[in-house]
Amino acid sequence: MDAGSLSSFSNLKGQSRCPLQEQLLQRKNSKENMDRFIPNRSAMDFDYAHYMLTDGRKIKENQTACSPAREAYRKQLAETLNMNRTRILAFKNKPPAPVELFPSEHSTASAHPTKSLKPRRHIPQSSERTLDAPDLVDDFYLNLLDWGSSNVLAIALGNTVYLWDASDSSTSELVTVDDENGPVTSVNWAPDGRHIAIGLNNSEVQLWDSTANRQLRTLRGCHRSRVGSMAWNNHILTTGGMDGQIVNNDVRIRSHVVETYRGHQQEVCGLKWSASGQQLASGGNDNVVHIWDRSMASSSSPTQWLHRLEEHTSAVKALAWCPFQSNLLATGGGGGDRTIKFWNTHTGACLNSVDTGSQVCSLLWSKNERELLSSHGFTQNQLTLWKYPSMVKMAELMGHTSRVLYMAQSPDGCTVASAAGDETLRFWNVFGVPEVAKTAPKVNREPFSQLNCIR
């Protein structure tokens with residue numbers, strides 16, 4: 001299940017590689033995997049053993065010639081020097097039980113019973129699976145990985161979009177675009193987990209039905225250059241382009257462009273709608289984060305932003321809305337910034353800023369715990385798990401040998417997929433299994449409670 005060695009990976013890279021094929025760990029030598037028994041000699045007294053095998057035997061042979069007084073003296077001396085043992089080699093005895101300094105009936109624990117502590121979650125330090133991802137475009141500003149609600153992972157490798165079904169580990173090819181249109185610059189699943197949007201280098205966006213493996217339509221006229229970021233909000237597909245524009249497309253109607261947001265001066269590389277669908281966060285290569293409010297949208301005039309956040313000093317691609325606090329947004333800056341910042345999107349205030357020490361490529365909130373996962377570039381190319389709000393590092397996951405550009409989260413929130421410039425796709429069981437929700441107790445209804453009135 002684990003990734004192969006770097007040497008085997010480099011050999012694979014030189015050969016023709018099949019996309020999304022698992023890299024298996026090769027067993028080097030059977031002897032290297034055998035357990036080695038190491039005895040514990042701390043309980044062995046070799047001086048006493050030597051004495052009993054040499055001088056001790058002579059004493060036993062001459063015991064009959066000893067006087068009663070001398071024999072009594074010998075026994076007393078042997079008892080004092082602990083020489084009455086019958087075994088030369090022995091196991092250590094178990095340690096004695098701890099002495100209770102305070103009687104249990106007077107302890108504070110009995111007077112104030114404490115709650116049972118939650119066992120600490122084990123976070124595996126290595127990826128549970130590694131797949132080959134040849135021709136993955138190593139571009140910080142693109143978004144080439146997404147995990148849909150139907151448990152199917154979409155990844156763009158060059159001009160081709162592949163689908164990997166997590167339920168049975170099967171791989172299928174959705175579409176390969178022509179060279180004049182490609183490469184694919186972004187992929188994003190619709191909320192239904194069936195339809196997927198594919199942004200292209202030629203400024204077009206294709207909509208596909210993944211179940212029927214059929215293209216539904218092509219959105220044209222949204223942008224003047226490549227579409228590197230996308231985000232769905234029900235039937236609205238929001239696209240961000242290298243031209244700095246953000247466009248809301250209603251995919252149900254022929255004239256799909258319904259709103260245009262203008263505020264970025266350079267490429268829009270990050271787009272995320274809030275859970276309510278009311279606020280949109282956008283990040284750009286101009287180091288700016290905008291918060292847009294849907295209620296302020298108007299098709300007749302350029303939409304003004306709700307907040308313009310200019311504290312980052314490098315491109316902002318990593319955006320993540322908090323699942324347990326609707327107005328909390330986390331943003332990550334590029335190589336010249338290296339910080340994760342937290343914002344109150346109602347007021348526009350920066351709540352906290354944490355220097356991570358490296359380029360922040362992607363951010364994901366845990367759906368089950370108050371934790372945040374970030375992926376990074378130079379120098380360690382790691383994934384870092386943070387406890388919120390203390391921002392204490394809980395784990396650092398190593399394995400990628402190039403910057404970890406893209407991350408996606410499984411529908412159950414437990415597994416994270418990461419894709420990097422080293423052309424590998426890795427799966428991490430980082431967020432753990434969610435606790436089973438308790439069933440709500442049945443409530444005894446009052447008679448006729450289902451009726452509004454009684455005639």
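Every residue, even glycine, has its Cβ placed from backbone N, Cα and C.
Predicted automatically and left uncurated, TrEMBL annotations should be read as such.
Summarising the annotation, TrEMBL assigns domain 'CDC20/Fizzy WD40' to 131-428. Taken from TrEMBL, the feature region 'Disordered' covers 103-127. As annotated by TrEMBL, repeat 'WD' applies to 177-218, 261-293, 309-353, 397-430.
Here the repeat 'WD' (177-218) has, by DSSP, the following mix of helix, strand and coil residues: 0 helix, 22 strand, 20 coil.
Through the fold, the repeat 'WD' (397-430) approaches residues 3, 6, 9, 13, 20, 23, 123-136, 138-140, 142-151, 153, 155, 166, 193, 359, 361-364, 366-368, 373, 375-378, 380-385 of its own chain, all at least 6 residues removed from its boundaries and within a Cβ separation under 8 Å. Non-local neighbours of the repeat 'WD' (177-218) in the same chain are 137, 142-152, 154-156, 158-161, 163, 224-232, 234, 237, 239, 241, 249, 251, 411; each lies 6+ residues outside the stretch with a CB under 8 Å from one of its CB atoms. Cβ atoms under 8 Å from those of the repeat 'WD' (261-293) belong to residues 140-143, 228-234, 238-248, 302-310, 312-321, 323, 326, 329, 331, 333, 337, 343, 345, 348 of the same chain, restricted to positions at least 6 beyond its ends.
The helix, strand and coil residue counts that DSSP assigns across the repeat 'WD' (261-293) are 0 helix, 19 strand, 14 coil.
Per-class residue totals from DSSP over the repeat 'WD' (397-430), listed helix then strand then coil: 0 helix, 17 strand, 17 coil. In terms of DSSP secondary structure, the repeat 'WD' (309-353) contains 0 helix, 24 strand, 21 coil. When averaged over the repeat 'WD' (309-353), pLDDT in the model lands at 97.
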